[in-house]
Each structure stands twice: as structure tokens, then as C-alpha cells.
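Colleague: Dropping a structure here in C-alpha cells format, bear with me for questions.
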Amino acid sequence: MSKNKLSKGQQRRVNANHQRRLKTSKEKPDYDDNLFGEPDEGIVISRFGMHADVESADGDVHRCNIRRTIRSLVTGDRVVWRPGKPAAEGVNVKGIVEAVHERTSVLTRPDFYDGVKPIAANIDQIVIVSAILPELSLNIIDRYLVACETLQIEPIIVLNKIDLLDDEGMKFVNEQMDIYRNIGYRVLMVSSHTQDGLKPLEEALTGRISIFAGQSGVGKSSLLNALLGLQKEILTNDVSDNSGLGQHTTTAARLYHFPHGGDVIDSPGVREFGLWHLEPEQITQGFVEFHDYLGLCKYRDCKHDTDPGCAIREAVEEGKIAETRFENYHRILESMAQVKTRKNFSDTDD
């Protein structure tokens, strides 16, 4: 990170926000301000309960407490933090997070008990990793794409393990990927084993904060290892830093820096995006090629299934919309209805 001290105006706003929150809280201040130095900017590279690892402008990592006035803090957040003074070493903290800058984006996932939970912030793009083995699933890709469209975060589709394809297999896979290329999505074909195709992927990741999504077995960790230049497997629950704080077991998201530039957040929370909390209209909007036909159906309440005069079905029959995408659209709606039914049944049992 480049060194970027707070301006006087930013400092005044941070102080004003902090004081206002303290006044509206019935709790006393949680830490003595005299224990900490001047405010600086940083980025959260991981979060553990009421602690966070914050990377400062000079690249050092500091274990920090979090003010109770901060309601939400996740990996990727840009923050204002203060280092602990030398006299404060006895309290076993390196600093304290004082405030969180406004997010440009937030990656969330639904939770049956806690509603929609944020898991990472300021994401520029989501890299959807799929593979020909154990099975190339366009349905899973389509689910990820709906989530990306709903979150308004740019997706990139990466097909891994292409070294396992013969000429005929490569032709078939390219035909499948053309479905996505033809509707404007970027598709990259790579092999983490032979490193074929990694250069274009590196270029796509440079200067951006990305998060990788993919089911087990698609080689997501191997791909990250190759991009990060690591000799050992990434373990999301193996966290360490250069501040002498040792190892910590966690299931938290973690931010890493690519040697070629750019950052990646590795998180166990994005193996699969749940869509059950969305409305059917949001799923429909998540299929970008449907947009030109919405509002053209004969009936306003058209379900885009067997309804007469459905403009979307007519587009499928005319080859303007891929049939596999249309089928996956209905599979997603059916799976959503099933999950919501189970959730409602569970709620009535409580």
C-alpha cells in the first residue's frame, strides 16, 4: 500500500464520527485514548472476533482491537487505525481500529439465522473457477453469475484443468464457453498444473481486488498457489504474519498480495453462493440476456415457462437465448422454492 496520511478534514470527520457514536452509546469508552498514537490508514487483511489484522501503509501487519462503536468490519475494509504506544505493550495489542471508510462494494451471503452477512468488502471482481473434472457444471456457473449480477460485482469465468482435454474435448468445452462469451462474459482457459493460460489471468487480476469462488475439486487452491508463487498449499485457517504473533486457527477470510500486483481474498464463505433469499424477479434480472425481452411478454405476470406469448421462451426457440441457460434459470427457481419451503417448515417447528 502507498503511504497516505489523513488530511485535516478527514481527521476531523473521523473524530466527529467517533465522538458522536460514543455519545449515543450507553457504554463507557472501551479503551483509553492515551494508549494509542496518531491515526493512520490501513486495510483489514483478516478479522477474528473482536480483533483484526490491519496492514499499514508501509506493509507491516498489526493485530488490532476494534472499537465497539464499529458495527461491521470484514476483510478488505479500508480503515482508520491507531498504533499502540510503547508504554501500552502490556495490554497485548498492536493498535486499535477507529473507523471504517465507506465501501465501494460488499460481498454477502445469506444465513438462515442471521440474515444476510457481509464476508468481504471493496471487491472489484469475482473469479468463478470451474473445471472439466470432476464435472463441468454450467448450472453452478449460472448460479454464481446470478449472485454476481445481484451484488453488482464483475465476474470472470475461469475454466481450470484444460491440460486434461484432448482436441475433441477442447472443442466441446469451447462451444460451452461460447454461451458465456456471446452474452458478454469474459472466459479464460487455464491449467494450474502446466500453468497454461496463467498470463492472461494475471493481467486480469493486476491492480484489482478479487475473490475466487468455486466448488471443491475445481483446483481453486492450486490455482491460487500458482498465482501467488507459493510452494505449499493455501490453508484458509492457517494465518500468520510478520509481526511475531504466531499462528492462529480461524475460518475467516484472508487477503493476499499477488507478486504481479493486485490482491485476492481467500474465503471459505464463497464456495457456493446461496440464492434462496432472493426474489424470483432478481433471479430473472440475473440472466443478462433476458433483459431485452422483459416487458414484451403477452401477460404482465408471465412466469417465463409455459405461459402463452412469453417473449423469453420465444427467444429461446429462435436460438437467441441458449436453451441450457433457460433450463438452468428454472432449475434455480425450483431450488429456491424448495429451500424456502424447508426454511419455513423449520421456523414453524421452533
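A Cβ is built for glycine as well, from the same backbone N, Cα and C atoms used for every other residue.
Bear in mind that the values here come from a model prediction, so they are computed numbers and not experimental data.
As annotated in Swiss-Prot:
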type	residues	note
COMPBIAS	1-17	compositional bias 'Polar residues'
REGION	1-33	region 'Disordered'
DOMAIN	104-273	domain 'CP-type G'
BINDING	ASN160, LYS161, ILE162, ASP163, GLY214, GLN215, SER216, GLY217, VAL218, GLY219, LYS220, SER221, SER222	GTP binding site
BINDING	CYS297, CYS302, HIS304, CYS310	Zn(2+) binding site
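How buried are the listed features, and what sits near them?
Modeller: When secondary structure is read from DSSP and collapsed to three states, VAL218 (GTP binding site) falls in the coil class. VAL218 (GTP binding site): 28 other CB atoms within 10 A of its CB, across all protein chains.
Mapped onto three states, the DSSP output places CYS302 (Zn(2+) binding site) in coil. For CYS302 (Zn(2+) binding site), applying a Cβ distance below 8 Å and a minimum sequence separation of six or more within one chain yields GLY309, CYS310, ALA311.
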Colleague: Please list residues from the chain of ILE162 (GTP binding site) whose Cβ is under 8 angstroms from its Cβ, counting only those at least six apart in sequence.
Modeller: ILE132, MET170, VAL173, MET189, VAL190, SER191, ASP196, GLY197
Colleague: Ranking the binding-site residues ASN160, SER216, SER222 by other Cβ atoms within 10 Å, which is at the bottom?
Modeller: SER216
Colleague: If you count Cβ atoms within 10 Å of the Cβ of LYS220 (GTP binding site), leaving out that atom itself, what do you get?
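Modeller: Other Cβ atoms found within 10 Å: 24.
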Colleague: When a 10 Å sphere is centred on the Cβ of CYS297 (Zn(2+) binding site), how many other Cβ atoms does it contain?
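Modeller: If we count other Cβ atoms within 10 Å of CYS297 (Zn(2+) binding site), we arrive at 19.
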Colleague: Take the C-alpha atoms of GLY214 (GTP binding site) and HIS304 (Zn(2+) binding site) and report the distance between them in angstrom, rounded.
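Modeller: Rounded to the nearest whole number, the Cα-Cα distance is 29 Å.
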Colleague: Taking the Cβ of GLY214 (GTP binding site) as centre, how many other Cβ atoms lie within 10 Å?
Modeller: 23
